[in-house]
């Protein structure tokens, strides 16, 4: 921690017992979703969640006292996977076999009875001796096929829907128990998106089971919630929703203006080709037969009809007359711009869905017509302004947003891998250091050790606080985060201090060597000076002896 005088101190403390009840899911969620501050640290967001995590520890401790509830809550991932798998299987069966009278499963089961039982036995052996997820899936598929051929498709769908409903109920109970939702107020429960989402999922399971199996198709949208990539695809539309909405409003306004021009000048060119539906017309001589068929108790889907009734109905349908021949006739033309609202609807419906704009569906004018050039300009302006510019603006906003989201995800993953959660130092700072980055984030700045220390301060008697604990307790009450180390680490500071001491020692040694060298050179210089003085004296003596001055003559200077 960082003390009041900005010095760092290492704290050793006992981890409270309650800290072991923090779930792995919560740890992973906090680690991945905590937001960074200006200094690159996530301490601010992490500190704001410590109260919630402390409450979860207390709730999980109570939950451990209820073994059954704890077992269900500890397998939430399994229940969620089973729900999605059941939804996929149900929708596959509905998509392939609905309305359920296209195939006689009993005859198929009797024909391939041995093959189906052999597949079940082989898959069972594979699962027993070589347990693998693919083996379990193959065993489940073979059992479902065997069940369909034995009891029918409706019974199988009923059981799968019941399993899905009960499994989702178990998941909801597990979620309520794991989150401690039962002790939370209603407004807090409704503000939890995940809780509201799973409540809606459970309601869809109930609607699919009690009303119609088509409701199960909505459960497949759970793949968007399960996959982060698909979530980013949805966010690419919703994140800049205001820009997209305003651009759409601009497109509608432009189409409205083009519709007014079309209504005034090209009203006769809005001719749309229409086709009438093919409705069977029963012959008059079969009127009594039709009344007899209507008196039968056969429902619309034909599920409870006997073979005789089905044969009778097929004969009636074969005797019906159809208004169209097998070869298609040329479609009928209908005016689509007799009113301004019809012009607007036609321009939006046909103009946006055709690659060339509204000109692709309007009448092709002759070059001899007086408004030919005006039609050309009208079609080109609609194409360039609405199709090319406005629609591509919308697509560009969506594509750019998706690219930004992908870039943000990559940056976030890079930060999680290479940046300390507490201090914000990156991996490169610990290169060529005694302490590696992995040791730093695991031992020196372990984010959960800071949480455990906060919990210790909250559960410990204040009268037993040590000096650092009293200091941190006061900082927590003030919501002051200055006791967290930011862009600092004791290992780096100690190593930097040791490096400075080594550098000072090296400089001192160099200074001592230089001093000795100077003293040596000074001694040598003194000796050289003495030698030069002695040599000068000797030269003077030698010169007097070689040139003596005569006694009779005065000395000349």
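Just so it is clear, glycine is given a Cβ too, placed from its N, Cα and C backbone atoms.
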The residue range that TrEMBL labels transmembrane segment, out of 380-403, 404-427, 428-451, 452-475, is 380-403
Matching 236-258, 259-281, 282-304 to TrEMBL annotations, region 'Disordered' lands on 282-304
When counting C-beta pairs under 8 angstroms to the transmembrane segment (143-166), the leading stretch of 68-98, 199-224, 244-266, 380-403 is 68-98
### Message
Please determine whether the transmembrane segment (244-266) and the transmembrane segment (380-403) are in contact (criterion: at least three Cβ-Cβ distances under 8 Å, sequence separation 6 or more).
### Response
yes
Here the mean pLDDT of the coiled coil (490-538) is 74
Other same-chain positions with a Cβ less than 8 Å from the transmembrane segment (380-403) and lying at least 6 residues past its termini are 232-233, 235-237, 239-240, 243-244, 247-248, 250-251, 254-255, 258, 351-352, 355-359
